[in-house]
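J.: After the C-alpha cells below, expect a handful of questions from me.
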Amino acid sequence: MVLYTTPFPNSCLSALHAVSWALIFPCYWLVDRLVASFIPTTYEKRQRADDPCYLQLFCTVLFTPVYLALLVAALPFAFLGFIFWSPLQSARRPYSYSRLEDKSPAGGAALLSEWKGTGAGKSFCFATANVCLLPDSLARLNNVFNTQARAKEIGQRIRNGAARPQIKIYIDSPTNTSISAASFSSLVSPQGSDGARAVPGSIKRTASVEYKGDGGRHPSDEAANGPASGEQADGSLEDSCIVRIGGEEGGRAQEADDPAPGSQARNGAGGTPKGQTPNHNQRDGDSGSLGSPSASRESLVKARAGQDSGGSGEPGSNSKLLYKTSVVKKAAARRRRHPDEAFDHEVSAFFPANLDFLCLQEVFDKRAAAKLKEQLHGYFEYILYDVGVYGCHGCCNFKCLNSGLFFASRYPVMDVAYHCYPNGCSFDALASKGALFLKVQVGSTPQDQRIVGYIACTHLHAPPEDSAIRCEQLDLLQDWLADFRKSTSSTSTANPEELVVFDVICGDLNFDNCSSDDKLEQQHSLFTRYKDPCRLGPGEEKPWAIGTLLDINGLYDEDVCTPDNLQKVLESEEGRREYLAFPTSKSPGAGQKGRKDLLKGNGRRIDYMLHAEEGLCPDWKAEVEEFSFITQLSGLTDHLPVAMRLMVSAGEEEA
C-alpha cells in the first residue's frame, strides 16, 4: 500500500489549499485569542491573585475592541478563503505520513533484522494518551492553555522518557529499600570502562528531560554535533540490563556477576535538548512544574559519562557507558513485584523505556501537531498525523476539526486505513472522530515470512449521556477492524506470507468500568474478543487499576504539578480521591468534594489498552508483561497516559 506523505494528490491542489488557509487563518486566530481571553485557567487566576483588579479590567477593555476591529477586517478574506477551502476537502487525503529515515542501530530497518521469530520471544511496548491539543480557547475548557508550547513540551517529555535504557533491578532483601520501586524499568547502573566495578551505592538523580539516550537524540542535534565516534552496531536501545542487588550490607549493592560484553547503553550530550519551550526556565529543585520542563527527579539515574568513559567531557561529545549484565537465573529474572498478578503494574513518573508504538488523541491543532511531530521524530522514525476529514463528507455533518488521532512507531508501517464515525452529535459532531487502523512489520522469519501486528487507535463520542452512540461506534470499530485485517492479510492460509503476532486497540473510549451510567458500554462484546488487563468483569476493576481522568480543578496544585508529586499522590487512596475524576451521578446530592468521600474505587479509567488473545498466528501467544499509569505529562493534560508491554512468543516456549 502506498502511504500518503502529502494531504493532496498534486502540488496544484496543495498550493491552492495553502492560499485559502492563509486567508482563513487570521480570522481563526483572532477568534481563538478573543475567546481565550475570557476563559482563564486556575493557574492564571492564581498568578493574577496579587494583581489589582482594575489592571485586568483595563487590559480587557483595551484589547477587546482591538481584537474585534481586526476580526471584522479579516472576515471578508476568511469568507473568500472558505469558498476555495471547502470544496478542496473532498480531494484531501485522510492522513499525512512522515518518515525520518534513521540508519542507526535503533532505526526501523535495523529493528526488523533483529528478530526472526525464533528462540526467545520479543516484547513490544505500546502507550496511549489524550494530550488535549485543541485550539487554545477550547483547551481552556479543560483548564489547560498555551497549546503550542505544550505540544513541544509533551513531545520532548515523551521522547526523553522513551529513550532511556530499559534497566530492571531486583532487590533480594526486603529490608533494602534504598532503590525506589516506583519505576522498576527506569534505573541505570553506570559501570566503568573496564566493566568490572561494583554498582555504586549512591545514585545521582536527574530529571527525565536531562537524559538523552541515543534513541532520543533530536535530528538537529546529530547534525550539529555529528555522529558519536566509535559507535558500535550492537548498541541499540533494545539492549537491557538486569541488575540483581543483595541486602547483606544495608543499602550497599552487591557486585554484578559474570559481565556480559556488548551490553551497552548510550548517553548523549548533556544539557537541554533542542526544542525546549522558551518560556519554561529550569530551576534547581523544580521538576516538571510549569516553570520547568523537568519531568521527574525520583526514578531515573543519570550516568556520569565523562567520568568513567575517559572522554573529554565536552558538552557536544556523545560518551558511551558499559552496563554489565548480571547472569540471573530465569526464575529470578522473571520474579514479579506482584505475586498475585500475572504481570507487573505500577504508577510511573516516566514513559516506558524502549517505547515502540505511541497513540495520541485530541491532537486537533495543526500547528501543535507539526511541533509534536518534530519533537517525536527524534525517537520515532514513522509518524502519522493530521488524521481525519474536513468539510462535508457523505451524510456526515460539517467537520471543522480533524479526528485528533496521532500515531508514532519505531517499526515500519505497511498499511493504513481511517474511518470517521457517522453518528456523532452535539459539539462532538464538529470533529471527525473515528478510528485509525495500522498494520506494522516487526520482523521476518528465516523463510522470509513477514512478522506483523495490528494496531487500532480511536476516540469515541464524549457526551456522557450518549451511551447508545458509543455502543454503535464500538460495533463499527469491530466491523472496520475485521474488514481491515481481511483486506490486508495474506491470501494463502496454507502457506501464509505473514505471521500476525499481536492485535491491539487503544484510545480514549469516554466511558469507564465503574460508573452505573456506563453499564451498556461495559457489557459490550468488544471485551469478549479483546482483553482489558485492568478489568475483572463488567463494572468490576482490578484493585490496582486507577482512573486516567484527572480532576481539572486541581491540575496546578503544588501536590500534583510535577510527575514525581503526582506519582506519589496517586499511590495513596486519599490522593486519588482528591485529584482523580470520579463518576458523576445524575441524581441530586452532595457536591463533588463531599460525594467523593462516599465513593469506592479508584476513579474513572476512560483510556484503554486492549489486546487480542485470539486471531493470532497458530502456536503464537501475546501476554502482558508490564502495565503502567504514567504521570510524566503532569500539568500538560487532564489525562493520565497508560502503557502496556506485550511479550510475544511461540506457544510451545515455556516461560
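If you go along the chain as it appears here, the first residue is 1 and each next one adds 1.
Glycine is no exception: its Cβ is also placed from the backbone N, Cα and C atoms.
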J.: Could you let me know which of Ser289, Ser490 shows up in Swiss-Prot as phosphoserine?
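T.: Swiss-Prot records phosphoserine at Ser289.
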J.: By DSSP, how many residues in the topological domain 'Cytoplasmic' (32-64) are helix, how many strand, and how many coil?
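T.: Split into helix, strand and coil, the topological domain 'Cytoplasmic' (32-64) gives 23 helix, 0 strand, 10 coil.
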J.: Which sequence positions outside the topological domain 'Cytoplasmic' (32-64), separated from its termini by at least 6 residues, show Cβ-Cβ distances below 8 Å to it?
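T.: Result: 71, 135-137, 140-141, 143-145, 290, 553, 555-556.
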J.: How big is the gap, in Å, between the Cα of Asn510 (site 'Important for substrate recognition') and that of His639 (active site, proton acceptor), rounded to a whole number?
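T.: Just about 11 Å between their Cα atoms.
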J.: Should Asn510 (site 'Important for substrate recognition') be counted as helix, strand, or coil on the basis of DSSP?
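T.: Note: Asn510 (site 'Important for substrate recognition') is coil by DSSP, not helix or strand.
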J.: When you measure from the Cβ of His639 (active site, proton acceptor), how many other Cβ atoms are you left with inside 10 Å?
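T.: Looking across every protein chain shown, the total is 23.
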J.: Mind checking which residues of the chain, 6+ beyond the ends of the topological domain 'Cytoplasmic' (1-10), have their Cβ under 8 Å from one of its Cβ atoms?
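T.: Apart from its flanks, the topological domain 'Cytoplasmic' (1-10) reaches 17, 88, 91-99, 386, 413-416, 488.
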